[in-house]
Amino acid sequence: MTSILRDSLFFRLWLATSFSAFGSSITFIALPIMGAVILNAGPAEMGVLAALGTAPFLILGPFVGVFADRFKRKNIMIIADVFRACVLAIIPACYFSDMLSMEVLYITALGVGIGDVWFDIAHGSYLPSVVDKDKLVDAHSKLEVSYSSADIAGPGVAGGLIQVFSAPIAIIIDSATYLLSALLLLTIRKKEPQTEHENSGDAAAPSILSDMKEGFVFIFKHKLLRRLCIRLGVWQFVLGGIFAMLVLYIVNILQFTAVQVGFFFTVMGAGVFLGSLISPKVSASFGVGPTIIFSNLLAPIAGGLLLLASDNGLASMVLVSIAFFITGLTSINYQINNASLRQVITPNKMLGRMGATTRAFTLGLNAIGALLAGFAAEIFTLQMVMSALVALGAVLAFVGLFSSELMAQKAMPEGPEEDRGPEPAQ
């Protein structure tokens with residue numbers, strides 16, 4: 001066990017995150033499979049389903065970010081876990097009463113998405129309260145091991161449960177994992193840093209709007225943060241479209257089963273797992289900025305391999321598996337370095353608003369990409385839309401090579417001066 005996991009507080013956060021991530025990985029597969037296989041949803045419906053999962057970040061993100069900077073972030077996470085557990089209970093209730101429909105999936109996706117906004121923004125802001133900033137890359141790496149381990153086990157479990165039993169059984173397990181996460185978070189006793197508004201009791205709307213504006217201004221006036229946010233946003237637009245259509249493409253075009261879909265996402269989880277383990281060494285060897293750039297450059301290769309698959313034969317299964325593995329390997333290196341860099345250069349008092357504004361912008365574009373891909377696939381074909389999205393990703397990756405500032409960002413910079421504390425006595 002590494003030193004960061006010997007820290008009992010971080011270990012509990014890591015364990016809570018692991019339970020939550022395992023459940024989320026099941027839902028990530030179960031909802032679209034229910035739509036595509038059980039309810040025979042079309043591309044537009046799948047696009048709406050995917051968009052509803054991320055749209056709350058666009059609508060609520062900046063607002064939630066203000067609260068994450070005003071109130072105890074751990075408490076926000078606990079409430080979000082319990083809320084998501086309750087929302088997910090809707091699906092088995094409707095299924096066993098023969099009332100399951102796409103509308104039920106829409107409501108569930110939206111509700112879980114709302115819970116995700118509160119949890120993710122508070123979690124991203126809470127982590128620097130638990131570990132020192134010089135350990136953030138290591139902490140992110142360990143958390144990503146949790147996510148990747150969940151990605152390895154979750155989809156396979158989901159595919160098997162759906163094939164043998166039913167999708168609602170997978171959802172019931174997911175609901176339970178959120179409750180376990182909430183219980184573990186309750187055991188973390190470390191005091192969070194004092195917030196600017198914690199004792200003022202001033203939660204008037206004008207003040208909230210003012211704080212929301214401050215978050216936007218902070219990011220878009222900060223040259224590096226602005227560029228990281230825009231880069232992440234355009235990639236989320238592409239990924240939103242691809243992942244919204246991915247299960248439908250694999251099931252309807254390539255004719256793979258729910259179990260095989262689960263297997264492919266398990267392979268992607270294995271790529272994420274490996275990528276999270278090697279990420280600290282990769283960023284130390286090549287630099288933080290270059291790792292972000294070259295992770296983007298490798299991603300379109302995965303899309304190209306996916307498009308080469310033509311049926312559900314062995315050759316296609318190998319191609320799709322390699323594509324998913326590369327996606328996991330490259331995406332996690334991008335995410336770890338991007339998130340760590342943004343957190344290091346952001347003052348503690350702005351972490352909630354920075355994370356919320358970034359998520360609102362990037363996941364808002366993710367939702368737009370999902371919607372546009374779904375409706376475009378209704379007008380043209382699923383194959384044409386997937387090909388266009390992969391081509392767009394390749395162009396974006398090539399353009400990213402010319403980001404000289406990011407390419408020059410080899411080492412993790414020092415944190416903001418206001419967070420460094422007093423100079424040691426001579």
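Cβ from N, Cα, C; glycine included.
Nobody curates TrEMBL annotations by hand; they come from automatic prediction.
TrEMBL lists 9-405 with the feature domain 'Major facilitator superfamily (MFS) profile'. Model confidence over the domain 'Major facilitator superfamily (MFS) profile' (9-405) is summarised by a mean pLDDT of 85.
TrEMBL lists 12-34 (among others) with the feature transmembrane segment. Counting residues 6+ beyond its ends, the transmembrane segment (12-34) has Cβ neighbours under 8 Å at 5, 46, 49-50, 53, 81, 88, 91, 100, 105, 108-109, 112, 119, 123, 126-127, 130, 142-143, 146-147, 149-151, 153-155, 157-159, 161-162, 167, 170-171, 173-178, 180-182, 184-185, 187-188, 247-248, 251, 258, 261-262, 265, 269 in the same chain.
Under the heading transmembrane segment, TrEMBL lists 46-68 (among others).
Positions annotated as transmembrane segment by TrEMBL: 165-186 (among others).
TrEMBL lists 228-251 (among others) with the feature transmembrane segment. Non-local neighbours of the transmembrane segment (228-251) in the same chain are 29, 32-33, 35-37, 41, 43, 46-47, 49-51, 54, 219-220, 257-258, 260-261, 264, 292, 296, 303, 320, 338, 341-342, 357-358, 361-363, 365-374, 377, 382-383, 385-386, 389-390, 392-393, 396, 400, 403, 406; each lies 6+ residues outside the stretch with a CB under 8 Å from one of its CB atoms.
According to TrEMBL, the transmembrane segment annotation covers 257-279 (among others).
Taken from TrEMBL, the feature transmembrane segment covers 286-308 (among others).
Non-local neighbours of the transmembrane segment (314-336) in the same chain are 137, 140-141, 144, 147-148, 151, 250, 254, 256, 260, 263-265, 267-276, 278-279, 282-283, 291-292, 295-296, 298-299, 301-303, 305-306, 308; each lies 6+ residues outside the stretch with a CB under 8 Å from one of its CB atoms. Annotation source TrEMBL lists transmembrane segment at 314-336 (among others).
Long-range Cβ contacts of the transmembrane segment (356-376) within its own chain (Cβ-Cβ under 8 Å, at least 6 residues beyond either end) map to 43-48, 50-55, 57-58, 61-66, 68, 117, 120-121, 215-216, 218-219, 229, 232-245, 342, 385, 388-389. Here TrEMBL flags 356-376 (among others) as transmembrane segment.
The transmembrane segment annotation in TrEMBL covers 382-402 (among others).
Listed as Cβ neighbours of the transmembrane segment (286-308) (distance under 8 Å, sequence separation of 6 or more from its ends, same chain) are residues 231, 235, 242, 279, 319-320, 322-324, 326-327, 329-331, 333-334, 337-338, 340-341, 383, 386-387, 389-390, 393-394, 396-398, 400-401, 403, 405-412.
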